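The block underneath contains the structure these notes are about, expressed in structure tokens.
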């Protein structure tokens, strides 16, 4: 890819002497600006994923509302483990938790498919505002709903919030020396270009005197240039699609079926522990890029697919003797998933040219959503098939 971030250019006068470089942006000269930006993006990512993660973690409880009598809105958070499909050896809900996954991911998929085509025309401020309102609305709907349908509408709002926020914040990282979830910085840019990018990126967020100003790079790319850049991204996109397909097939297709009866934990409690351990692994690995950087993310894709095959075999053959072994595997699964995500975008940020970086960051985030959507579509029939086994 044409020059990601080369060495700082030096301007020579007619006598061959170096002239003083243009002053850096005050935003970068302030003490601690690098870490302030890093922590800021870390918090943005944490808040953006919050509603999405909560909805998936509560998927088993949301679907259990189907068994609540009448209009009773309260569902016992720790119901006794009963078999809802008596003809099956599994303890199944009538609807797979993959239904919640699809409600939580398909709106995000639509947003990410459309984002590279024209979302850059909208300033950052309205995007962040809409994302925040959808997040708040999602919790209100789910908290006060009396039916699965209303709860799923709240899940859809959480999906819109997460998808719009992710595209927005990832695009914004293209103009800062600190990247998403403590990504390491690329080489220094040309000081003039860096200052212009800083100003353009911040203006829509803080409402300066020229709110209509936008980054001058990606919006000027032709359709053919965008397609060329996207084809170059496939090396990064395909492994991440596989990683997310495997892990969410596990999370929403197999977690519900990995039920251990020889433990004090109820089925709902086991499901929550699975989700918590997975998210803990993701949180740690996404926040640790400065400690461990992985160039070849396809290795992570192969390891995650092996996790899927192993746990699918256990669901079918029931050979793991203890739930604690499953706990360890799920924690490891989360570590792989988070590492794949953060290293993919780190590699893109380093290898894309300045003019392509904003578009590339926005376009590449389709990969995790595509993998999750495919896993949800396949997990639904798998759930029905396994739950009807006698």
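Glycine residues also receive a Cβ, built from the backbone N, Cα and C atoms like all the rest.
The transmembrane segment annotation in TrEMBL falls on one of the ranges 48-72, 73-97, 98-122, namely 98-122. Looking at 2-26, 152-176, the range tied to transmembrane segment in TrEMBL is 152-176. When TrEMBL is compared with the stretches 179-196, 197-214, 215-232, 233-250, the one noted as transmembrane segment is 233-250. Distant neighbours of the transmembrane segment (152-176): 37, 41, 44-45, 48-49, 51-52, 54-55, 62, 99-100, 103-112, 115, 119-120, 124, 127-128, 130-132, 134-135, 137-142, 145, 183, 197-198, 200-202, 205, 215, 218, 345, 349, 357-358, 361-362, 365, 369; these residues of the same chain sit at least 6 beyond its ends, with a Cβ under 8 Å from one of its Cβ atoms. Tertiary proximity for the transmembrane segment (323-342) is limited to same-chain residues at least six positions away from its ends with a CB under 8 Å from its CB atoms, namely 180-181, 183, 239-240, 243-244, 247, 250, 258, 260, 263, 265, 270, 273-274, 277-286, 289, 292, 294, 297, 300-301, 303-304, 307, 310-311, 314, 368.
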